């Protein structure tokens, strides 16, 4: 051995001893372990072979014990054998490590720093023993508590699924300001991207959820029917056109951007039989699209007819349905709708009846309820459920009724006390067909309009939403967005949604920050194009709006802020403006000036005495040179000029 290395080792050991005696630990760090990969792989292979042999032996013995009926006694020996095998594997792994790893483990076992208290050392020994314990069975005590909690959570989730009220998306809302008058029509396209609103102010506004920001401004507003109130708006099944039903006799069809596509023809009002006219002759009440055929739509009117139309032939209606009373007289339909499959056409009439026809047979009704609502009240809405078997009717008699069309003699359920002041108050079914929704009306300053939810099965009033201090007229529950649109009597369109349960729609626009307005744009002037002007008068064409704005900003004249009007006595050479009231105007022009200046000579001589007594302007300047004023004497030329005829006098 090298004597130098021995001396270094002995010095190191003595140094470690001094450090341990002074500071309480023997070193500053652990030594790096060295591993023999071949030995580790070989040990792993042997362990796998032994374990598979043990498993095969246990299975063989268990099968023998089951045949003898003593399989229950073989559980404990197998556990002991597993423990013994684990102990032997542990001993083999310890013995297979080389001398370097032994030294490393010795260095690991050495305590660094002060010694641990005895309770911790005992706990460490217990932890080492726990490594050999078998895992608990799934049905043991610890797992039972967690399984009970899981079962409770599952049961609670099932209760939420069974309770349709929990699915109402009403945690958040946005408000779209349509105007100041009643929002009487709502329409949402099938994809849920665009909303269209119409009201008593004749306006139709288009709202794009993906294009709006937090300002919530409509991207287009127009008056398609001039001075007629909008009664109904609805997108077609493909979402490419919109049906507009207003207070005139002609329905219109617009495209997605508001341009006119079709206008129905007006009928001849002097023909008695309405089936012989080509169109409606009186005010429209309602209209809707066919749910399956994208070119067909339907309208009903005060002329006592329900007509279907084809989008491709605007010169004539497609078919006519004429509601009749019990005596066979004409009655006015106030609302109409298609069934979900498009095979039935239903109309609610002013005499309280609900009449349903087969779409292909327009003569006799297929279902007819003569006392659905009180005669003389306007049935405001009819709505079929998604399964097509149930019809809901919202009456002007403050009721909401649900009908089974297979037994149409009497309603299945009736809800009363739902005030209705409008002829277009809606009712609709929820997307899962378990709830029925309608709105209530209120008079001005007499409470809040509500959105009321009824359970379809029990018809109990399950939930209410107080919308605003005006009537709730239109309501729409979109199945794809899972959002509720509401039109109110004070010009608002509200959208209710839930960030978790709802999709897209209002969620797209509330996350966008409001865009700032560019103030510099107000300085730009319209560019006047004069192609035939001379070169010296021709203006240079603007290449870029931004560059022109920057130039205008640097120009002191164009960017000068106008002076505000002077208030008070006036300053800086500017005279203050007089009051803007009628009394100040009268005082300024009449009350303070009562003189008649029709004769200028008399008006001047009126101040002659005051000027001679108290000279102020001219006389003090001539006191030295001309104390006595000398006036010019009249000459003969002036007298001759006065005697000349008028046509010879010089014209000034």
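Note that Cβ sites are derived from N, Cα and C of the backbone, with glycine treated the same way.
Check TrEMBL against the ranges 539-578, 579-618 and you find region 'Disordered' recorded for 539-578. It is 628-652, from the ranges 503-527, 628-652, that TrEMBL records as region 'Disordered'. Per-residue pLDDT, averaged across the repeat 'WD' (382-407), gives 89.
Here the repeat 'WD' (176-208) has long-range neighbours at 216, 218-235, 237-239, 242, 244-245, 254, 256-258, 422, 424, 471, 473-476, 478, 480-481, 483, 485, 487-495, 503-505, meaning same-chain residues at least 6 beyond its ends whose C-beta is under 8 angstroms from one of its own. For the compositional bias 'Basic and acidic residues' (51-64), the DSSP-based tally of helix, strand and coil residues reads 14 helix, 0 strand, 0 coil.
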